[in-house]
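Peer 1: First, the structure itself, so that you have it in front of you.
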Amino acid sequence: MESLTLQPIQKVSGEVNLPGSKSVSNRALLLAALSTGTTRLTNLLDSDDIRHMLNALTQLGVDYQLSADKTVCEVTGVGGAFSSDKALELFLGNAGTAMRPLAAALCLGRGEYVLTGEPRMKERPIGHLVTALREAGADVEYLENENYPPLKITGTGLKSGTVSIDGSISSQFLTAFLMAAPLAEGEVTIKIEGELVSKPYIDITLHIMKQFGVDVINNDYQEFVIPTGQSYTAPGDFLVEGDASSASYFLAAAAIKGGEIKVTGIGKNSIQGDIQFADALEKMGAEIEWGDDYVISRCGELKGIDMDYNHIPDAAMTIATTALFAKGTTAIRNVYNWRVKETDRLAAMATELRKVGAEVEEGEDYIIVNPVAELTHAAIDTYDDHRMAMCFSLVALSDTPVTINDPGCTSKTFPDYFDKLKMLSL
């Protein structure tokens, strides 16, 4: 296995333009494909997850032109639901942002589809979405294990009426149903069971649906109504915001080490909840400055904080390694859904933090980190999880090197992450 050893970084400073947001890129690609007209997406993320979505759209007969650097994509929409005369198998890697929304969208038209992916994808639950789709008349079957991909979908359309979705495990199930709902037979009402996790990701979905011409009535995140008679219309130009989760590593680096880092491509009016990471960092003692399309982080003396991160679970991972440099205890609470991400992130984070010497308590839905005076040089296993690799790169901001196993796993969302980090390291 390939590994990368990062030597201690003395100082960080500079500016980094963020790659496009994964969450925004894949939502916008799908809605552009379902639209009438042509959408020109700029600052599209070039990564594995986006590639899986683009490959699937190609198989589904969608025309698009991709620029040489793969960050500009012109999509000609099919003007409604996908249909296919031949049976198709779509391989979606480990891309939840492709698997879940496509599972819902493919129920709308005609055709027979198998949705599959990497071994880890077959361990990531999808049962709450499938239950809701079946409630709306969809024909979906599990090909291996109940409640998990791979799925076989026979397009039959989605009925109007009321469905219930359990929101307690992943907001992607609701996102998937919301994006398919305007193309159902009539008005759709979605009722939420349990506590809806990651609400800011639903805000992203609703915002992008509106940009493509569809209005959703949001009754306090308990019920969503998609009125009948709507369809997706290409907005023409669509700018993909920089990825807020990717910003977290650089903002944390400046807060930990001093110097000043400016991230561009995202700002105070971002539609991504993960930008609230900067608020958490500020609570820890960092100095944060906001602009319309940038955020600046400067050094503060960091202290541990105890916080609920249910609203920003992805960015919260960066807090776990930032905690190694804070005075006192840091508690990250209400993040059960870390367990159903690219890996079981609670178990993985606890294991790897202990390797570098931290005292860690891992609970069912929380992690508590106590730093140590001197970190230990360790080889960090990344579990084929891009965020594990990027989070643990921050260990190099100590006086101790860190070795990252399988650094290439960052290709899921940020292929040139380590190059960007090197550019900012003095």
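Glycine residues also receive a Cβ, built from the backbone N, Cα and C atoms like all the rest.
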Peer 1: Given that Swiss-Prot assigns Lys22, Ser23, Arg27, Ser170, Ser171, Gln172, Ser198, Asn337, Lys341 to the 3-phosphoshikimate site, pick the one from Asp215, Asp220, Asp314 that the record assigns to that site as well.
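Peer 2: Record check against Swiss-Prot: 3-phosphoshikimate site with Lys22, Ser23, Arg27, Ser170, Ser171, Gln172, Ser198, Asn337, Lys341, extra candidate from Asp215, Asp220, Asp314 is Asp314.
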Peer 1: In whole Å, how far is Asp314 (active site, proton acceptor) from Arg387 (phosphoenolpyruvate binding site) when you measure between their Cα atoms?
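Peer 2: Just about 8 Å between their Cα atoms.
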Peer 1: If you count the C-beta atoms lying within 10 Å of each candidate's C-beta, which of the binding-site residues Arg387, Lys412 ends up with the smallest number?
Peer 2: Lys412
Peer 1: Consider the binding-site residues Arg124, Ser171, Gln172, Ser198 and say which one has the Cα lying nearest the Cα of Asp314 (active site, proton acceptor).
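Peer 2: Ranked by Cα distance from Asp314 (active site, proton acceptor), first place goes to Ser198.
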Peer 1: Let me know the largest Cα to Cα distance in Å among the 3-phosphoshikimate-binding residues Lys22, Ser23, Arg27, Ser170, Ser171, Gln172, Ser198, Asp314, Asn337, Lys341, as an integer.
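Peer 2: The 3-phosphoshikimate-binding residues span at most 21 Å between Cα atoms.
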